[in-house]
Amino acid sequence: MAEVLVLVDHVDGEVKKVTHELLTAARLIGEASAVVVGAPGTAAKLRDALAAHGAAKVYVAESDDAATQLLTPEVDVLAALVAQASPAAVLVAASASGKEIAGRLAIRIGSGVLVDATEVNADATVGQSIFGGAYNVKAKASKGVPVISVRPGAVEAANAEGAAAEETVAVPAANAASVVTINSREPLAAGDRPELTEASVVVSGGRGVASAENFAVVEALADALGGAVGASRAAVDSGYYPHQFQVGQTGKTVSPQLYIALGISGAIQHRAGMQTSKTIVAVNKDAEAPIFEIADFGVVGDLFKVAPQLTEEVTKRKG
Amino acid sequence: MNIVVLVKQVPDTYSERKLADSDHTLDRESADAVLDEINERAVEEALQLQATHGGEVTVVSVGPDRATDAIRKALSMGADKAVHVSDEALHGSDAIATAKVLAKAVSTIEGVDLVLAGNEATDGRVGAVPAMVAELLGLPALTHARKVEVDGTAVKVERETDEGVLHLSAALPAVISVNEKINEPRYPSFKGIMAAKKKPVTTLTVADLGVDTAELGIAGSWTSVLESAPKPPRSAGQRVEDEGDGGTKVAEYLVGQKLI
Ligand SMILES: Cc1cc2nc3c(=O)[nH]c(=O)nc-3n(C[C@H](O)[C@H](O)[C@H](O)COP(=O)(O)OP(=O)(O)OC[C@H]3O[C@@H](n4cnc5c(N)ncnc54)[C@H](O)[C@@H]3O)c2cc1C
Ligand SMILES: Nc1ncnc2c1ncn2[C@@H]1O[C@H](COP(=O)(O)O)[C@@H](O)[C@H]1O
């Protein structure tokens, strides 16, 4: 069976959930090989998690440069492995970095790149959801080894035993002219909440929340539901909530089981980032707000009354 | 410092966007077209860098004839000149094909120190064209910048993504993509709009660039769309007025849906 390369997304010595999803998708197409690129000592910490999700092989590409150069080490390692292993496909997460790695790799190896797949099939064709979920398309790579970036949360991760046999590979020497050096990192205050694109519940606040302090109301409901917090662009632009939590056309695309919109009008650009959510609940004091056109359950009312009451009810039911 | 800005005309997100039934490409007649908002920010950043470091700002766009409007907008903001690659053979080109044409078009401009682009287009949301152009040109790619500083022959960027903020540096020439929070783009002044009409726009075909048409368009692209279907729009569900029990009603609904 042909190998399928999966680029491992990791942070602080832990495998990100999306990697488990990619390994699951990879096993549909062929034999999953995890590719770890990072500082020396990285792979040892990740191996057990990769084995538990069906990685037959773990390629270990470690060097000091790999941790201090932006994205080119990943591209270089994957390109070398494609030449060595002739895989059936290469899968990476459709994160900001993953999309770039996939694009560059495809150019490097003369392949087609399929961006932000929401479905991966056994023949390496993919499903995609475009224009903010208005269209579904099916696509394939017409040349080379398909390079696919897969949307986090699109595939359900399944456990499977994998041998996770380690094989060391060299990180090729960087091309000096195109190196980008990472001088320092400011990690985002991770907090205890799930990641926005991975969460099964997202509670978002809009301009109606009216201040940064008031976002505590949104956070309290998110915490009661074990969810992530999102924001509309108007809320971000007004400085109520940080940019990385923006949902919509130019922010994150989320597709949780439950999306709760508080004080959000539901402009088309906001809907583009959340309308594929399974269930949508909206609270808005304007009965005419377009968000109600797509809400499964809408409350016309003041979010400062409705949300705290809901938080209390949820907390009560959790016992 | 000579700066190239890659600008793309996209369907306005306020209008309905459709795919043509015949070949699954964007139905350009169905939607209004605008200069992608993020590209206004890239142009703004270029103009601010030019104000400090001098040099020329050239906008480059690959797209159909009507992309001229997007180019004029960038020129009316203050860019000096433009290169527009327009060719029937481009119809249906995917991201890789587009990146190849863009890289060739940038190569026609002499003494480029910096290539600026948006981090992601609102239509395709590929989010990789700037990195692919960098790959093709053999240049460093400093992407998702919320801050750019040029110092002599080096450039420093603050990259903001989900992974946090990275402080990056690289040697010029380089490719930089900017994010939505980098600046507030200026509005073209009346004077700017009038001046833009006289600014030089070089129109090129793919043959002019020496790109093989076998690598372009629907047939030559690196990916192909097999099927496309509009998703049935969502419909409104239940709606209640809050009469002091709105939160409780939502909770009951969520229990009914087994969501809590
Ligand atoms: C190119 C482009 C890209 C864009 N990208 C995005 C994007 O990624 N994400 C995004 O969100 N937007 C995006 N927008 C902006 C979008 O068009 C809207 O302006 C934005 O979504 C509005 O945010 P909002 O709903 O919070 O604010 P508003 O439209 O101002 O709505 C606030 C709502 O809150 C309600 N409200 C006020 N007080 C209360 C209260 N106490 N209780 C209950 N309800 C209350 C009001 O009735 C109103 O409906 C983009 C726009 C463009 C042009
Ligand atoms: N056809 C094009 N012409 C000019 N610039 C483009 C084109 N396509 C993409 N770009 C640039 O690449 C950026 C990111 O686009 P994308 O990778 O397609 O999401 C855009 O904001 C533009 O700056």
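Positions of Cβ are set from backbone N, Cα and C atoms, glycine also.
Secondary structure from DSSP puts A:Gln249 (FAD binding site) in coil. Annotated FAD binding site per TrEMBL: A:Arg207, A:232-233, A:246-250, A:263-270, A:Asn284, in sequence order.
Per-residue confidence over the domain 'Electron transfer flavoprotein alpha/beta-subunit N-terminal' (A:4-182) averages out at a pLDDT of 95. The annotation domain 'Electron transfer flavoprotein alpha/beta-subunit N-terminal' is assigned in TrEMBL to A:4-182.
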Query = Which residue, out of the binding-site residues A:Ile264, A:Ala267, shows the minimum number of other Cβ atoms inside 10 Å of its Cβ in this structure?
reply = A:Ala267
Remark   = The correct subset of the binding-site residues A:Arg207, A:Ile264, A:His270 with a Cβ closer than 8 Å to some chain B Cβ is none
Lowest local Cβ density among A:Arg207, A:His270, which the record lists as binding-site residues, within 10 Å = A:Arg207
Key: Which same-chain residues, if any, lie at least 6 apart from A:Gln246 (FAD binding site) yet have Cβ under 8 Å of it   = A:Gly230, A:Ala231, A:Ser232, A:Arg233, A:Val236, A:Lys252
Ask   = Once near-sequence residues are set aside, which residues in the chain of A:Gln249 (FAD binding site), 6 or more away, have Cβ atoms under 8 Å from its Cβ?
value = A:Gly132, A:Ile268, A:Gln269, A:His270, A:Ala272, A:Gly273
